[in-house]
């Protein structure tokens with residue numbers, strides 16, 4: 001995402017090998033890993049739940065980060081495209097769009113889990129596949145509108161150098177006050193509150209169920225805890241990966257003449273992008289249905305490859 005505009009002429013050719021290698025590795029892992037998540041949900045009927053539909057929406061956003069946003073970030077970190085202001089602004093807006101879509105997908109998952117725990121008898125009515133699709137379409141529409149705000153006029157005057165650097169083009173008041181505080185931080189706080197309430201309620205229900213010695217209901221509550229824990233980890237990792245970059249944006253706004261070390265900036269950018277690659281690994285290690293489906297998919301691929309080799313012989 002952002003790059004330090006105070007050193008624009010020097011940074012145009014400053015893309016170093018380790019940074020580029022890290023970005024390309026993350027792009028590959030993010031694209032392939034999240035394609036596997038989408039394929040797993042599409043192939044396994046047991047995975048076709050409302051919760052997983054929202055996770056697929058999150059996976060699609062992460063695929064877009066790997067296939068579109070990271071290549072755009074690499075270009076803009078090199079100051080490209082130069083002397084093409086609106087194409088530059090569009091590329092930078094895409095970075096914001098996909099991040100915002102991820103946040104809204106996480107929020108949708110949190111609300112869905114809240115309804116499942118606190119309104120179990122209305123869950124089947126409220127959380128239908130059709131309603132889930134409408135929510136997903138709405139979240140993507142809102143994400144695109146928020147990302148397009150800079151293109152609508154909330155941006156800086158095109159720099160004389162013509163270099164396409166994030167902080168040279170995107171207004172930091174938009175990034176900090178509107179994007180971070182209103183569109184990122186507020187949903188994150190809401191989600192942490194939701195998961196805190198979920199864990200408290202599930203533990204309360206578990207104590208009640210144990211006193212009633214209802215083994216079946218206890219098993220369901222343990223599954224709910226495991227699912228909520230995994231989804232909370234997804235949220236926690238998202239927060240850890242993205243907050244450092246937003247803190248740097250706040251620093252750039254409040255102290256525009258202060259220098260941000262390039263190494264720190266690139267590390268924060270890589271960390272934010274790395275978040276798009278971690279979720280498939282998290283699902284594989286913590287969610288048994290995903291783990292089994294991934295194994296089946298890999299075994300099928302190996303079997304098909306072996307058959308092709310045999311046929312060629």
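Positions of Cβ are set from backbone N, Cα and C atoms, glycine also.
As annotated by TrEMBL, transmembrane segment applies to 20-41 (among others).
The domain 'G-protein coupled receptors family 1 profile' annotation in TrEMBL covers 33-283.
Cβ atoms under 8 Å from those of the transmembrane segment (53-76) belong to residues 1, 3, 15, 20, 23-24, 26-31, 33-35, 37-38, 41, 88, 91-92, 94-95, 98-99, 101-102, 105-106, 108-109, 112, 129, 132-133, 135-136, 139-140, 143, 164-166, 234, 269, 273, 275-277, 279-280, 283 of the same chain, restricted to positions at least 6 beyond its ends. Per TrEMBL, transmembrane segment is recorded for 53-76 (among others).
According to TrEMBL, the transmembrane segment annotation covers 88-111 (among others). Non-local neighbours of the transmembrane segment (88-111) in the same chain are 1, 51, 54-55, 57-58, 60-62, 64-65, 68-69, 72-73, 75-76, 81, 135-136, 139-140, 142-144, 146-151, 155, 164, 166, 169-170, 179, 183-184, 187-188, 190-191, 194-195, 231, 234-235, 238, 242, 272, 275-276; each lies 6+ residues outside the stretch with a CB under 8 Å from one of its CB atoms.
Tertiary proximity for the transmembrane segment (132-154) is limited to same-chain residues at least six positions away from its ends with a CB under 8 Å from its CB atoms, namely 50, 53-54, 57, 61, 86, 89-90, 92-98, 100-101, 103-105, 107-108, 112, 169-171, 174, 178-179, 183. Residues annotated as transmembrane segment in TrEMBL: 132-154 (among others).
Remote same-chain partners of the transmembrane segment (174-200), defined as residues 6 or more beyond its termini with a Cβ less than 8 Å from a stretch Cβ, comprise 2, 96, 99-100, 103-104, 106-107, 110-111, 113-114, 117-118, 146, 149-150, 154-155, 225, 228, 231-232, 235, 239, 242, 246, 249-250, 253. Per TrEMBL, transmembrane segment is recorded for 174-200 (among others).
According to TrEMBL, the feature transmembrane segment maps to 230-254 (among others). If one looks beyond the transmembrane segment (230-254) by at least 6 residues along the same chain, the residues whose Cβ comes under 8 Å of a Cβ in the stretch are 1-2, 4, 51, 58, 99, 102-103, 106, 109-110, 113, 167, 172-173, 175-176, 180, 184-185, 188, 191-192, 195, 199, 260, 264-265, 268-269, 271-272, 274-275, 278-279, 282-283, 286-287.
For 266-285 (among others), the entry in TrEMBL reads transmembrane segment.
Remote same-chain residues near the transmembrane segment (20-41) are listed as 47-48, 52-53, 55-56, 59-60, 62-63, 65-67, 70-71, 73-74, 270, 273-274, 276-277, 279-281, 283, 290, 293-294, 297 (criterion: CB distance under 8 Å, separation of at least six residues from the stretch ends). If you average pLDDT over the domain 'G-protein coupled receptors family 1 profile' (33-283) in this model, you get 91.
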